[in-house]
Every structure is written in C-alpha cells, then in structure tokens.
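A.B. asks: Pasting in a structure now, in structure tokens, and then I'll have a few things to ask.
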Amino acid sequence: MTMCSKTIISAFLLYLCFDHVSMLIHRSHHLILFGDALSPYAFDKDWDFLMFTQQWPSSQCKVWTHNKPNHHCVFPKKPNSWTVHGIWPTKKGTKGPFNCNNTWLFDPEQVRPIESELEEAWTNVEKETQLYNLWAHEWNKHGTCAAMIEPFNSQLKYFSKGIDFLNKYHMTEMLNAANIVPSDTVGLKAEDINRAVVAKLGIRPMIQCESEDGVQYLIELRICFDKQLNIMECQGEHEVNGLLTNCNASKGIIYPTQVQEPPPKKYLVQLLKFVNWVQWFTL
Ligand SMILES: *[C@@H]1O[C@H](CO)[C@@H](O)[C@H](O)[C@H]1NC(C)=O
Ligand SMILES: *[C@@H]1O[C@H](CO)[C@@H](O)[C@H](O)[C@H]1NC(C)=O
C-alpha cells in the first residue's frame, strides 16, 4: 500500500472511532435520563394493581426523532402493531413503587428463549440505544416490584406475561373493530377510542397523548389487572368527562401512520465506498 492510502485508512478508522465514542456518550446520557435517578426511593414496596401499558410505535418514534435528525426508529416487523411498553405495579392514587430490588438487574440471558418474540412484541423503538435498554429499564424499575407475586417472580415470567397480555388484549384489533385506523390528518376523539375498548373489555382504558409541535399524538393505552390477574379499570386516575385521559378534548388526536424506514447509516455507505476505493488501488 502506498503511504497515501495508509494515511487515509488511519483517518477513516479515527473517524469511525469518534463516531462510536459519541454514540456511547449519547447512550449513557440516555440511560441516566431514564434511570429514575431522581425518583424518590419508595420505602413502601406494596402495590394494589398492575398497569399494562401498550404503546403505539409511530407516536413513540415522533417523540424520539423530534428535533433529532440523527435519531431513527425500530418498528415491529408486522406493520401497525401496538407493542408493550411495560407492566407497572401501582399503588392506588400514586405511581410506583419502583426499583424494588436494586441487586436483581436485568440479564439478557434470562430472556434469551423469547428474545425474538420480545423484539416483535416489546420493541425498543429507539434505534440509537442498545437493544436491551427498554427491557432493562422495565425490569429494573417495574419488574422487580411485580416479582412479589408468583406469576412475575422471574425475568422470563415477567416478559412472557407481557407477550401474553399483548396477544390477548391487542389494541390494534379493538381499534380496527371500531373502524379506528391510523391517519396523519384525521383527528380522533378520545370518546371514540374509549368506546372501542369498552366494547371489547367492558372497562375504560387510560388514553395517553403526547404533544409535539402542537399536534397531540395517541401514544399509549393502559388497562389494569388485580393481583389475581383479573382485568380491571385503572384506579385513582384523573377523569375528564367520564374519560381516563390526559389528551386535550378540544383538539383531535392523531393516531399516526408508520413512518418510512430510514436509509442505511451514513457510515455504512461510506465504508462500502471506502472498501471499493481500497480495492481499486490494491488489486
Ligand atoms: C433481590 O434479588 C435477589 C436475586 O434474585 C434475591 O436473592 C434477594 O433476596 C432479593 N432481595 C429482596 C430484598 O427481595
Ligand atoms: C387544548 O387545546 C386548545 C386548542 O388548541 C388550547 O387552546 C388549550 O390551551 C389546550 N388546553 C390545554 C390544557 O393544554
């Protein structure tokens, strides 16, 4: 190889290295933000019911990519699927308890048998974070508290239950049955979403919106279970006009369609170009 190509290779490796380091910094920042470092330590780890939260990946993606051109999203392979966000033990009228066992941390080996199912059902939308970020967060914060009852007393059981609940209470089907389908332009009413769920389950869901640039997106639907895992309405929630929602009733709710897959990563394209270039000079 010529001196010139060696210099260029070194420069390129340095570039890759910096790219990697900045991603690591980004990841650790993210972990700190979502690590509940600020939540008060719950001395009382008791809880009354489980809140099962499904999320709409397209809305989660709006939040993750908002004003962040370097952020991309991962979607489940089956398009237009609601996915699990978490199963959250809850004491009536409060949030939490959280982080009930700080020495029992998430271990990917424990969920290895169901990992590919989890990727589909419990998808980490945030592409620039580690695959296990969401699962580690959910287990460490909520799973360790759910584990006080037998059906959740291992990581495999906690995550398997999430998949079971999703299959049994899939919001895509309930909404489709009421002709509620994704649209980026037609705003929904919270009453209609509520009615669709009541028609199937007989209980009102919690309907969660998140706003970006003045548009409110349907981001989560939550239902609850007692300790015997009977379905129940989430208790102690704020009601507005008979609905359990944080959405603004005077505005339409956008249930956004799935955004296009992003193009391949820039450095991969550059790497391919570079390989071609090296071959050109050395072969
Ligand atoms: C925390 O988890 C570890 C590992 O499963 C277990 O041995 C320990 O008893 C737990 N501690 C409490 C306070 O539950
Ligand atoms: C709800 O939306 C209306 C219309 O955009 C707005 O004027 C009002 O301030 C919003 N209310 C809240 C509580 O955000």
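Even glycines carry a Cβ here, placed using N, Cα and C.
So TrEMBL says this about it:
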ACT_SITE  HIS85  active site
ACT_SITE  GLU138  active site
ACT_SITE  HIS142  active site
SIGNAL    1-23  signal peptide
A.B. asks: Which whole-number value in Å describes the distance between the Cα atoms of HIS85 (active site) and GLU138 (active site)?
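C.D. replies: With distance taken Cα to Cα, GLU138 (active site) is 8 Å from HIS85 (active site).
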A.B. asks: Any same-chain residues 6+ apart from GLU138 (active site) with CB under 8 Å of its CB? Would you list them in sequence order, or say none?
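C.D. replies: Residues satisfying the criterion: HIS85, GLY86, ILE87, TRP122.
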A.B. asks: Ten-angstrom check, please: count other Cβ atoms within 10 Å of the Cβ of HIS142 (active site), all chains counted.
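C.D. replies: Other Cβ atoms within 10 Å of HIS142 (active site): 27.
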